[in-house]
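> Pulled the feature table from TrEMBL, pasting it below:
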DOMAIN    4-324  domain 'FAD/NAD(P)-binding'
BINDING   Lys51, Asp309, Met315, Leu316, Ala317, His318  FAD binding site
BINDING   Gly176, Ala177, Gly178, Val179, Ile180, Gly181, Leu182, Glu183, Glu199, Gly268  NAD(+) binding site
DOMAIN    343-452  domain 'Pyridine nucleotide-disulphide oxidoreductase dimerisation'
ACT_SITE  His441  active site, proton acceptor
Amino acid sequence: MASYDVIVIGAGPGGYVSAIRAAQLGLKTACVEGRETLGGTCLNVGCIPSKALLHATHQLHEAEHNFAAMGLKGKSPSVDWNQMQAYKGDVIGQNTKGIEFLFKKNKVDWIKGWATIPEAGKVKVGDEVHEAKNIIIASGSEVATLPGVTIDEEIVVSSTGALSLPKIPKKMVVIGAGVIGLELGSVYKRLGAEVTVVEYMDAITPGQDAEVARAFQKLLQKQGLNFVLGAAVQGVETTKSKAKVTYKLKKDDSEHTLDADVVLVATGRKPFTDGLGLAALGVEMTDRGQIKTNAHWQTNVPGIYAIGDVITGPMLAHKAEDEGMAAAEVIAGKHGHVNYGVIPGVIYTHPEVGSVGATEEQLKAEGRAYKVGKFSFMGNGRAKANFAADGFVKLLADKETDRILGCHIIGPMAGDLIHEICVAMEFGASAEDIALTCHAHPTYSEAVREAALACGDGAIHA
Ligand code: NAI
């Protein structure tokens, strides 16, 4: 039996970052992980592998659609799916090995296996019971499917199965026009599949600024994705190699079907707390199966903390990382803090979508007086040169004080561009602060500045 100051349960982005920070703060730390490799869903079957496939297939798209116009003539590349999978596997391996190295460097013990908490202060893994003054639960989330839909990871797949399909399907139906559905739907569309996305709401990416969501849908349609909106999926029937998806249109209750070789279920995720023994411990949960925590990530059981996808808030790796670091700091007697008002969200399609802060709809609902500064990438020289002029930057600022309230970008590198606004919001900056900051030319970032100028006396290149 070993004794620790902190045992973190789960080595996803929330857990491993938390463990490293705890160790850096001088706490004797271990991290329990049952997978063969560290990194959790994000590194093994989520964020990182999907980015590899998005990158590879975007290169293919560029070769097929833009190379000739740039004077790059010749045959477009053909797809070697096995090699693309090997490339993806290599990227995963480099990243998961990287965490093993960081654990060693920071003296974090990796306890291999699945953890149970028999009582506060103890973590059981296999037959071993370890003592822990503090326990941080970072056990993440799992796929939430629909009634009438059974995931077999062959014909009806979750994101995990969709990342490793044995071959590229001819017809794919995606259930859910959220982040996973659109990222992986884009991948298979670019690889030549006919992709239809069925979404319950009347718009894609619910919760997104509506103007951005509409523009996003148009651009994805231009790329060949089909959408059925306002449609509730009733069930999926499978034969040996095919599936039939039944949905009801909400507007008239009419029932329809779609045939597919592969169905991707992307209707959200739910907290994963199986086997931890939380009920016996009396850990309070929300009615959505999340662990209840206070502002310091403490549960109602002293010495037990929880962070990331198992608690409330958006299920995002970077939100989990921030909570992980902050919880470790709280345990070390410091002042861990997360600003939940400035957590960016990014969709890694092409173009990307990056957002932070309030949407226009939220400001309207709150009755706030605001102004909008918008700038199209059509007016951005760099974007034009790079065949990336689709999209715009939309900056929302307080009408009286000019303080930035939110920003929504659809366009090239939106996921990186959004961070200028995150920093600005952390500093309580005004749109004018951005407008008065010199931005290098020619960069995509100039579009952000132009949107800020549009909140004042006007953009220059509009
Ligand atoms: P999501 O919550 O983003 O989207 C699910 C979609 O499914 C919603 O639009 C919902 O209206 C729709 N839906 C639900 N029931 C339906 C039904 N019966 N018929 C048709 N549509 C239905 O969930 P998603 O895409 O599965 O992602 C899971 C989690 O992983 C999310 O929290 C997401 O933020 C996170 N994630 C984040 C990524 C990123 O930051 N780039 C990438 C991948 C996942």
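Even glycines carry a Cβ here, placed using N, Cα and C.
These figures come from a predicted structure and were not determined experimentally.
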> Counting only residues 6+ apart in the same chain, whose Cβ is under 8 Å from the Cβ of His441 (active site, proton acceptor)?
Gly381
> Among Lys51, Asp309, Met315, Leu316, Ala317, His318, which the record lists as binding FAD, how far apart in Å are the two most distant Cα atoms?
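That value is 20 Å for the farthest Cα pair.
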> Please name which of the binding-site residues listed here, Gly176, Gly178, Ile180, Glu199, is nearest in space to Ala317 (FAD binding site), Cα against Cα.
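Among Gly176, Gly178, Ile180, Glu199, Ile180.
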> If you skip the near sequence neighbours and keep only those at least six away, which residues in the chain come within under 8 angstroms of Glu199 (NAD(+) binding site), Cβ to Cβ?
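Set apart from Glu199 (NAD(+) binding site) by at least 6 residues yet with Cβ under 8 Å, we have Gly176, Ala177, Gly181, Phe227, Val228, Leu229, Gly230, Ala231.
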> How many other Cβ atoms are found within 10 Å of the Cβ atom of Ala317 (FAD binding site), counting all protein chains shown?
21
> Cα-Cα, whole number of Å: Asp309 (FAD binding site) versus Ile180 (NAD(+) binding site)?
16
> Can you name every residue in this chain, apart from Gly176, Ala177, Gly178, Val179, Ile180, Gly181, Leu182, Glu183, Glu199, Gly268, with its Cβ inside 8 Å of the center of the Cβ atoms of the recorded NAD(+) site?
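Nearby residues not in the site list: Val174, Gly185, Val197, Ile204, Thr205, Ala266, Thr267.
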> What's the CA-CA gap between Lys51 (FAD binding site) and Leu182 (NAD(+) binding site) in angstrom, rounded?
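Just about 13 Å between their Cα atoms.
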> I'd like to know the mean pLDDT over the domain 'Pyridine nucleotide-disulphide oxidoreductase dimerisation' (343-452).
98
> Could you give the Cα-Cα distance between Gly178 (NAD(+) binding site) and Met315 (FAD binding site), in whole Å?
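Gly178 (NAD(+) binding site) and Met315 (FAD binding site) have their Cα atoms 12 Å apart.
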> What are the helix, strand and coil residue counts for the domain 'Pyridine nucleotide-disulphide oxidoreductase dimerisation' (343-452) according to DSSP?
41 helix, 33 strand, 36 coil
> Go through Leu182, Met315, the listed binding-site residues, and name the one with the sparsest Cβ surroundings, counting other Cβ atoms within 10 Å.
Met315
> Could you tally the C-beta atoms, other than its own, that fall within 10 angstroms of the C-beta of Gly178 (NAD(+) binding site)?
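I get 22 for this one.
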